[in-house]
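Feature annotations, reproduced from TrEMBL:
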REGION    25-45  region 'Disordered'
DOMAIN    49-226  domain 'GTP cyclohydrolase I'
BINDING   Cys119, His122, Cys190  Zn(2+) binding site
Amino acid sequence: MDDHRHTADHDCDGSWVEREALARAAGTPLPRRGGNRPSQDMPDADEVRAAVRTLIRWTGDNPDREGLVDTPDRVMRSYREMYAGYDVDPREYLERTFEEVGGYDELIVLKDIRFVSVCEHHMLPVIGKAHVAYLPTDRVVGISKLARVVRGYARRLQIQEKMTAEIARAIQEVLQPQGVGVVIEAEHSCMTLRGVNAPGTSLTTSHLIGVIRDDARTREEFLRFVRG
Ligand SMILES: Nc1nc2c(ncn2[C@@H]2O[C@H](COP(=O)(O)OP(=O)(O)OP(=O)(O)O)[C@@H](O)[C@H]2O)c(=O)[nH]1
Ligand SMILES: [Zn+2]
């Protein structure tokens with residue numbers, strides 16, 4: 001692993017949007033984001049390769065056969081993608097806001113944000129979609145940033161309830177809107193491919209804050225949007 005991953009946790013001051021722009025302009029490597037990495041002790045590449053070889057042996061296969069010799073490196077690369085959420089603090093995506101135009105004070109709802117996450121109990125894929133809404137106070141955010149926030153929390157080892165709450169709290173904390181609503185529907189491979197083997201099941205979770213939770217009409221409007 002490259003060294004800046006180790007220091008990323010200590011390096012999260014300032015706006016990442018600005019720092020990335022500066023790095024791009026200067027042609028230097030993009031800064032790693034501090035994010036929310038619980039581990040201070042990142043293994044080096046050889047440790048990771050050895051661990052993947054062990055898991056291949058645990059399947060009963062031979063890690064030295066031709067089709068599998070490059071698999072530890074492939075797994076390492078795919079983990080960098082699947083777990084890229086640990087490199088970011090998704091709240092930073094919400095830092096760039098626009099003053100709302102024309103006194104817009106209705107719900108803003110982004111539906112069907114597809115994501116892939118990984119269940120922390122079995123390390124198997126969780127595939128689903130998130131619906132994210134907020135009622136602005138005085139500022140709005142670019143809508144792509146809501147999808148980036150979902151992805152930032154999805155690309156970690158997760159349980160769905162926690163991910164739902166994390167997304168809602170990040171929006172509440174940074175934008176300080178009148179209310180936030182997050183609903184997630186997802187299929188858990190650990191239930192559909194193994195274990196109880198219940199294909200077709202999906203889990204729905206929600207986290208509502210402020211007027212979207214407390215005001216019956218606003219909540220109903222949000223849920224109507226979500227049901228579509
Ligand atoms: N609440 C919640 N449960 C989850 C999530 N992802 C997986 N699980 C559940 O986590 C539980 C882990 O249960 P354990 O009994 O420790 O593990 P297990 O023996 O592999 O359980 P089975 O899946 O029933 O075979 C299972 O019931 C999973 O269905 C999630 O996002 N939220
Ligand atoms: Zn699971």
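Every residue, even glycine, has its Cβ placed from backbone N, Cα and C.
What TrEMBL says about a protein is an automatic prediction, not a curated fact.
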According to DSSP, does Cys190 (Zn(2+) binding site) sit in a helix, a strand, or coil? helix
Within 8 Å of the centroid of the Cβ atoms of Cys119, His122, Cys190, which other residues of that chain place their own Cβ, given that this set defines the recorded Zn(2+) site? Val118, Glu120, His121, Met123, Leu124, Val126, His188, Ser189, Met191
Cys119 (Zn(2+) binding site) falls, by DSSP collapsed to helix, strand or coil, into strand
What number of additional C-beta atoms lies within 10 angstroms of the C-beta atom of Cys190 (Zn(2+) binding site)? 16
